[in-house]
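These features come from Swiss-Prot:
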- 1-506: region 'Permease' (REGION)
- 25-45: transmembrane segment (TRANSMEM)
- 57-77: transmembrane segment (TRANSMEM)
- 93-113: transmembrane segment (TRANSMEM)
- 120-140: transmembrane segment (TRANSMEM)
- 168-188: transmembrane segment (TRANSMEM)
- 201-221: transmembrane segment (TRANSMEM)
- 253-273: transmembrane segment (TRANSMEM)
- 288-308: transmembrane segment (TRANSMEM)
- 317-337: transmembrane segment (TRANSMEM)
- 342-362: transmembrane segment (TRANSMEM)
- 394-414: transmembrane segment (TRANSMEM)
- 429-449: transmembrane segment (TRANSMEM)
- 507-611: domain 'PTS EIIA type-1' (DOMAIN)
- H559: phosphohistidine (MOD_RES)
Amino acid sequence: MQEEHNYKWVGGRLIYGFGAKGNDAFYSILSGYLIIFITSHLFDTGNKALDNRMVSLVTLIIMVLRIVELFIDPFIGNAIDRTKNSPGHFRPWVVVGGTVSSIILLLLFTNLGGLYAKNAMIYLVVFAILYITMDIFYSFKDVGFWSMLPSLTTDSREREKTATFARLGSTIGGGLVGVLVMPAVIFFSAKATSTGDNRGWFIFALIICLIALISAWGVGLGTREVDSDIRKNKQDTVGVMEIFKALAKNDQLLWAALAYLFYGVGINILGSLEVYYFTYIMGKPKSFSILSIINIFLGLIATSLFPVLSKKFSRKGVFAGCLVFMLGGIAIFTIAGSNLWLVLLAATMFGFPQQMVFLVVLMVITDSVEYGQLKLGHRDESLALSVRPLIDKFGGAISNGVVGQIAIISGMTTGATASSITAAGQLHFKLTMFAFPALMLLIAIGIFSKQIFLTEEKHAEIVAELERTWRTKFDNTTDQVAEKVVTSLDLATPIAGQVIPLAQVNDPTFAAGTLGDGFAIKPSDGRILAPFDATVRQVFTTRHAVGLVGDNGIVLLIHIGLGTVKLRGTGFISYVEEGQHVQQGDELLEFWDPTIKQAGLDDTVIMTVTNSTEFTMMDWLVKPGQAVKATDNILQLHTKA
């Protein structure tokens, strides 16, 4: 039976990975290549002024609607959260959203029967309705698809494997669109032109939309959702206004978001204009595929290189160094002209560090959760982690608007070729493509370098302070014990190993009982189980510690290793979420002991009763040095009369 289960789940991973491929292929053509079709092919009445006016209006409509959609996103999330039916929590939205969005996007790659030439105003209204409908249904599909990952399995290892398949599918899906777009469009076009024609773009869009449609139905029919307590305890979806409020209160989150905003606008504009450069400046649209292939591999290399750089350099150093490297690429771009090798060098220098910049910003935003918790007294994890996707969408929206306008100003609209672009048009284009993004990157460097002080060391200090003060939120918890007339409580160990008195732990804070009395275990395995029925009240983002408030009134902090916050979650797995109720024996955390030892850290697992002052005494039920199994009773706590 186990082999059959594994076989089925491997199939599920493949299907989910294929779903990610279709999802990102769809997003790639929506966010980048629909604009190219609109500016270069859609409007062709022979009246240049009318065509340019339509391009300008349509691209502005897209920009405005994409910004409006940011405020609709929270309602989409809430609608998905409230969905309860037999097919599942997420799969119906993946199928319905994928179907509707694919059909409508394909319609947008047509001239809607020449409607714009008959009545421009009606065309604009119809286009706006179709676009916002398509965008909303795609958001339903996108949110549903990525949110369903935890529901596919309760096994954390399987989640990691499935997520890896999804990331691989996502990289392939988004990257291959860039590789194939111009060769495919030109191949399917009826006319032999350097930019293709309406038929070529429609057939290419048809292929991508079919992939997106089939992959959505594949996920809907080929995966199964598992019900669990984690999903029942899912936090509410975050609204845009709540995000702004969180930014105003958390200065490190605010500055990281601002730096990422300027950076995001810059890279989105330059990235969106690269295909225009190959097409209208160089006259070599097919060569854009070479850049896309290079970027796929460089993205994978950059991601694997990041852990090495982050150990040798500070976050500010990595962030500034990456952006300076990108500025060097922009500088080479300005003198590259039509030299393919110089252009490829410039474009790869610009694209290579982007994954590393993303990871630096993600680390700061993630660490700002604990920073805000210490500063404000409450934890806004969902708010903080909603900031980056919001900025990504906003940057993409601004990019769409700018690209449409610069295409008109530079003369890169319907019927244009590389030879028809004037010197003035090239100058306007290059100023927008190079000077403006360079300015955005310089501003981002300035903000990040001057305002961000949330280093890994600072974050470790914050986590340590939160561990010291965590108990103050749960004073007088033994009142519920007194009501039950309980005079003593047994405290079990959450992990197997050798018992160590707390005073012998190699940490003065724990050893002195500053965080409360308790005991420690030299672990013999890496599974942390709930020692009693309890509610999870704290799960650190580094997954090295968990705080429980027991149904019996005991407030317990379980801390894996000493100095392990520095590992930033590497080698640790969390099976629970804040607010989740667990029963004795449920698995809370898991860690890979060799990771801790290879980092030169102490792997001792420490348990402190942070409300130990509410008990009169603690008696040992086992001898120090004795080997115990998980959930064996270690201490007996006596309540106050």
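Cβ from N, Cα, C; glycine included.
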Give the number of CB atoms, excluding that of H559 (phosphohistidine) itself, located within 10 Å of its CB.
24
Report the listed stretch (57-77, 93-113, 253-273, 288-308) having the maximum count of Cβ pairs within less than 8 Å of the transmembrane segment (429-449).
253-273
Contact call for the transmembrane segment (288-308) against the transmembrane segment (168-188), three or more Cβ pairs under 8 Å
yes
Between the transmembrane segment (168-188) and the transmembrane segment (25-45), are there three or more C-beta pairs closer than 8 Å, counting only pairs 6 or more apart along the chain?
yes
At a threshold of under 8 Å on Cβ distances, which of 25-45, 93-113, 253-273, 394-414 pairs most often with the transmembrane segment (317-337)?
253-273
Counting by DSSP secondary structure, give me helix, strand and coil numbers for the domain 'PTS EIIA type-1' (507-611).
14 helix, 48 strand, 43 coil
